[in-house]
């Protein structure tokens with residue numbers, strides 16, 4: 001009797017654990033399934049030209065450029081997150097902070113990495129750690145539980161309407 | 001040396017040696033109506049290239065790489081850095097009948113795709129795509145894409161929806177090849193990196209404004225550089241459009257804010273038609289408002305959809321499958337609940353996905369991404385509250401019509417006619433391989449195969465270094481005038497307001513639930529919103545890094561896509577694939593395929609709906625004109641692969 005029960009429990013556990021993935025799916029984000037680990041061969045063998053800081057840009061121009069680059073990202077999650085972050089912090093960042101932010105959003109080649117670092121799903125590489133990354137991580141936590149339905153409209157920048 | 005005096009464009013890799021022949025910037029002077037405003041000056045730089053590609057996503061990069069490899073001096077004009085194109089969001093994979101997991105045949109993939117398209121796909125293009133698929137994947141592998149492997153070292157392939165063996169009779173096929181969970185990124189990285197070795201010139205953060213058309217031939221593209229506000233005319237005998245989809249016409253979509261249908265709009269403004277824009281694919285569970293995708297895995301783990309009464313409503317619509325019914329059934333059920341007043345939230349405009357009845361450890365282990373995404377974008381703690389969800393726009397099957405070689409076509413006098421000098425590939429194009437409904441993991445395949453096809457066709461029909469035909473000196477003037485008009489717009493309605501009006505109208509009237517009255521009302525509203533663009537108000541008058549200006553130009557592009565989508569949907573009186581109407585629930589083909597065919601009389605072209613919609617817009621009035629062209633029912637080679645005659649689509 002106990003044997004039967006144990007067998008049932010074990011079977012149930014197996015069913016749950018080894019249940020085949022759904023046959024009708026979609027772009028499951030962050031979904032690897034049974035695929036082997038990422039060998040990163042392309043990143044190693046095909047290095048892209050290194051990112052360099054822009055010279056001769058005024059702080060104002062930097063802010064304007066970073067605004068565009070915060071709002072236009074590779075996937076929706078980053079579009080919303082970075083444009084809200086930019087709305088809150090971009091106009092009050094110091095020069096050092098602007099440069100940190102510039103590097104953070106422009107150097108990594110995979111936009112998903114920025115999302116994984118901000119949500120603390122993956123550890124932040126040392127080169128991006130710093131004030132801005134900390135601010136971003138804190139901001140992402142959404143401690144005030146505000147609704148983040150969409151990227152904000154630009155009109156908060158319209159001095160004329162204030 | 002006037003060239004040296006001109007400030008180098010620091011954010012673009014400009015191939016100084018070969019291309020910039022006429023680089024003395026000319027100033028386009030625009031006279032304004034109000035005497036107190038300064039005259040606007042836009043320096044114009046002309047470039048000559050053998051080929052220009054607009055867009056640097058998967059399709060654009062494959063085309064640019066293929067062209068550069070073939071020795072063509074190629075420019076790639078993109079508003080985003082290549083690895084930041086929306087292709088990077090793709091984590092699924094690429095379908096190809098390699099046969100690594102079980103015996104496979106590309107003809108089975110061909111069958112699945114034709115059936116998936118609900119017989120609106122052009123079978124010659126589908127033949128081309130599915131036959132080329134294995135070679136394309138192997139080619140990518142040779143370029144350096146590190147596909148995930150099985151233990152035997154072969155490329156690992158996983159199951160995906162709609163893929164079967166033996167023409168639907170052999171069970172689930174495993175055809176989807178992936179690079180761990182970053183297939184899209186790897187594709188972009190590999191192609192971008194390789195193309196640089198061949199000296200492709202990238203013009204990054206340049207916004208393409210319009211095509212340069214003369215006598216029905218495309219002679220290049222005019223774009224403006226966001227970094228310094230200069231205007232650039234890229235003259236070329238071959239222009240490839242690879243600008244992606246237009247999800248942003250809707251309030252809720254899974255696409256990035258960059259999916260604004262720029263290519264479709266450029267083609268429309270050039271007087272050419274767009275095809276099948278009414279076919280928009282919806283995914284049942286995107287987060288309300290934010291639109292971020294919530295994987296179907298949630299429902300697989302036991303998550304349920306509930307209405308305002310707390311009822312698990314899928315039990316009524318799909319008693320057996322319940323919440324795991326097919327995507328379009330779930331989407332339509334959710335919409336019916338909302339329309340009948342049982343929606344949730346203050347505006348009763350969405351439903352809830354409930355996960356808090358599941359054990360917290362299960363959520364943490366199996367669906368960690370969901371908990372984070374729900375907290376970040378909906379402010380919801382999934383162990384305590386349900387997530388607000390809505391069927392969300394996911395993909396555009398329609399776009400710029402092309403033949404299977406990637407050449408853009410129009411339909412004149414009952415015949416397809418190639419537009420000289422113009423090509424299109426990727427989501428922006430409509431070859432049409434997806435027809436009325438796209439299968440998962442076929443999109444990345446589409447990018448690679450047709451990006452390559454455009455490059456091959458151009459290499460076949462042209463030679464590098466060919467002399468360009470002359471272009472009118474003031475070509476592109478209208479585009480610059482439009483840019484200036486938007487930059488200094490002083491109407492009364494803000495860009496964001498008009499955009500929200502458009503998005504809400506499309507969401508309410510042309511989403512999953514479509515019916516005659518609702519569509520007609522939507523058409524009238526959209527026409528009015530189109531007119532309201534005359535009254536647009538922008539606030540940033542600068543020319544350098546003017547995000548307001550770019551977003552307003554994008555809104556103009558979105559508007560053209562939106563009006564064509566809703567008018568095409570209103571006109572199509574049948575249900576097919578992703579276009580499902582409550583008032584016309586069946587497919588209307590030339591023969592009734594649900595009954596025996598013998599003795600049936602074929603309906604004439606005007607009387608049935610198994611045809612492609614071709615839509616054009618009168619830019620000034622916003623009036624949409626619709627035409628139709630037949631679906632191509634023959635494969636490229638009947639001996640090699642016989643075409644699949646239409647049948648009732650059931651799974």
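Any Cβ shown, glycine's included, is placed from N, Cα and C.
Whatever TrEMBL says is automated annotation, not expert-curated.
The structure displayed is predicted, hence computed values, not measured ones.
From the candidate list B:339, B:342, B:438, the residue TrEMBL records in the substrate site shared with B:283, B:295, B:394 is B:438. Residues B:283, B:295, B:394, B:438, recorded as contacting substrate, have a largest CA-CA distance of 17 Å.
The subset of binding-site residues B:84, B:92, B:438 lying near chain A, with Cβ atoms under 8 Å apart, consists of B:84, B:92. A simple Cβ count within 10 Å picks out one of the binding-site residues B:55, B:92 as the most packed, and that one is B:55. The recorded positions recorded for this entry are B:283, B:295, B:327, B:394, B:438, and the Cα of B:394 lies nearest to that of residue B:55 (FAD binding site). DSSP assigns residue B:394 (substrate binding site) to a strand. Note: the CA-CA distance between residue B:86 (tele-8alpha-FAD histidine) and residue B:295 (substrate binding site) rounds to 18 Å. Distance noted between the C-alpha atoms of residue B:80 (FAD binding site) and residue B:394 (substrate binding site) is 20 Å. Residue density at residue B:295 (substrate binding site): 23 other Cβ atoms are found within 10 A of its Cβ, drawing on all protein chains shown. Long-range Cβ contacts of residue B:59 (FAD binding site) within its own chain (separation 6+, distance under 8 Å): B:242, B:425, B:426, B:427, B:428, B:429, B:446, B:447, B:448, B:450, B:451. Long-range C-beta contacts of residue B:283 (substrate binding site), restricted to its own chain and to partners at least six residues apart, with a cutoff below 8 Å, comprise B:254, B:293, B:327, B:331, B:391, B:392, B:394.
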